[in-house]
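Shown next, in structure tokens, is the structure this report addresses.
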Amino acid sequence: AAMQRFLGPLLCLWALRLPAGRGVAARGLDVASYRERVRAMFYHAYEHYLESAFPYDELRPLTCDGQDTWGSFSLTLIDALDTLLILGNVSEFQRVVNVLQEGVDFDIDVNASVFETNIRVVGGLLSAHLLSRKAGLEVEAGWPCSGPLLRMAEEAARKLLPAFQTPTGMPYGTVNLLHGVNPGETPVTCTAGIGTFIVEFATLSHLTGDPVFEDVARKALKALWKNRSDIGLVGNHIDVITAKWVAQDAGIGAGVDSYFEYLVKGAILLQDKELMSMFLEYNKAIKNYTKFDDWYLWVQMYKGTVSMPVFQSLEAYWPGLQSLIGDVDNAMRTFLNYYTVWKQFGGLPEFYNIPQGYTVDKREGYPLRPELIESAMYLYRATRDPTLLELGRDAVESIEKISKVDCGFATIKDLRDHRLDNRMESFFLAETIKYLYLLFDPDSFIHNDGSDFDVVVTPYGECVLNAGGYIFNTEAHPIDPAALHCCRKRREEQWEVEDLMREFYSRKKTKKFTLKRAPDRGEGENAKDPEDASSEKAGEKRNSKKSSHSLLSCPSQSFNSKLAVLGQVFLDNT
């Protein structure tokens, strides 16, 4: 009964929509003006990336050049693609799609983060694929069950599959895109790096008809669930071969965060009671052991004793997640705690010592993360509380004042003295700008209440798309949940229908019909197009400057050197 109570309103819950365009002025705040300022921020960063950094992954705004970070995919371009459409720039969306088709090559000798490649590349391509028709692209017959961006997403995801070939089903953190998992690869992976695949991989399985992606994502989720502690908590890093926890800190922040996020979003996307039940059990344990006065601390996963009384900026997604399960009152109280930290520093430091009310040594930076803005966007849709718009205002003012430089926006190395670092992560355009813009744009198609939709014809019948209820992956790439039902007739079901038809006509002694089975993926019209000369040339150009290793391998800084390892909070060398 409790599950029915949650799951009923859950399926379209995050929208909690009020009529679009309804009074959004907050205490004199000019929403339209701030929306246009956010648009200008996007183009200041985007145009300098194109001018100074493309085809590298990221812009280095202090030196006006580029660098590869997560695998050398022109990552900022992929991450920014759906933001372009949300800002209404259809022509640039179309141009970038063509650039990506010609220039991105996944058959390269690069060690890439499995987690980051999934959320940024696979997620970005899937979102762009599902938005292609809205962006005015001429889609091929069979869309959304086929298309060039879908094939790119599938190719990228297949490069990640070798990482899941472990005794536990939990993936390695890094994979070589050409050779698979390196023989000496560490088996230690962060929890989020294991449990953050179901949104992208299930979408891919439903669109392509290949269940392997959803299967491996579910197996990884269930492996983490199986290895939770007796008090219902999971740690931060685990050995994917032995299933032994290496870092035993339990919390809602870095290294764990998007695991919880994907249990909720996977439940909504797939209407899956089991995933929601898992999250609700975790939620009880989190409230029992980590929650203090609407803050969430880090505790030892087996004992529940506090190991680190800090708030991390990555935890600021939690109020938004609470809103998705209808826990709006608790979400607002926690959000307001986090907002006080923003007001204190003009941003969220990576670590904030709650008892001392100040930053943690060597964790004073703010890399322009989106999480607090993300929560504000969700909560504003649910409550229309003007305080949430004020956070958006403060974010625009702070980022422009502190972070803006001639060539873009720079990571804030230290919020105390506003020193900058020479990096602009791709999530600034994928998430931070997007959530800010959506906070100030009540009429966006993303906020559609279902009154407007498109009907498309697929090989499996008519399909309704773009009716709203978009599910954002953890990189803020919106997935249309209705699309998962456009291609859902499995090939086996189609064959069963054909067999029944044969039997029917045979019994009626009518003339025989020969019904051809649908070609397998990779055959016929769904076969991958051979690379043309321009694609090969683009690939050669990009390969000439690729680094052989990604700089990072987990969704945040390595927690082996930051969090408690077997009870020790910080290592001496940090």
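Glycine is treated like the rest: Cβ placed from N, Cα and C.
The active site, proton donor annotation in TrEMBL covers Glu116 (among others).
Per TrEMBL, the feature active site maps to Asp257 (among others).
For Glu350 (among others), the entry in TrEMBL reads active site, proton donor.
Per TrEMBL, active site is recorded for Glu371 (among others). Note: Glu371 (active site) has non-local neighbours Ser313, Leu314, Glu315, Ala316, Tyr317, Gly320, Leu348, i.e. same-chain residues 6+ apart with C-beta under 8 A of its own C-beta.
Taken from TrEMBL, the feature Ca(2+) binding site applies to Thr474. The Cβ of Thr474 (Ca(2+) binding site) has 26 other Cβ atoms within 10 Å, all protein chains considered.
Taken from TrEMBL, the feature compositional bias 'Basic and acidic residues' applies to 517-542.
Residues annotated as region 'Disordered' in TrEMBL: 515-555.
Look at TrEMBL and you will find 1-25 tagged as signal peptide.
Note on Glu116 (active site, proton donor): other Cβ atoms within 10 Å of its Cβ, all shown chains, come to 26. Glu350 (active site, proton donor): 24 other CB atoms within 10 A of its CB, across all protein chains. Residue pair Glu350 (active site, proton donor) / Asp257 (active site) shows a Cα separation of 14 Å. The Cβ of Asp257 (active site) has 27 other Cβ atoms within 10 Å, all protein chains considered.
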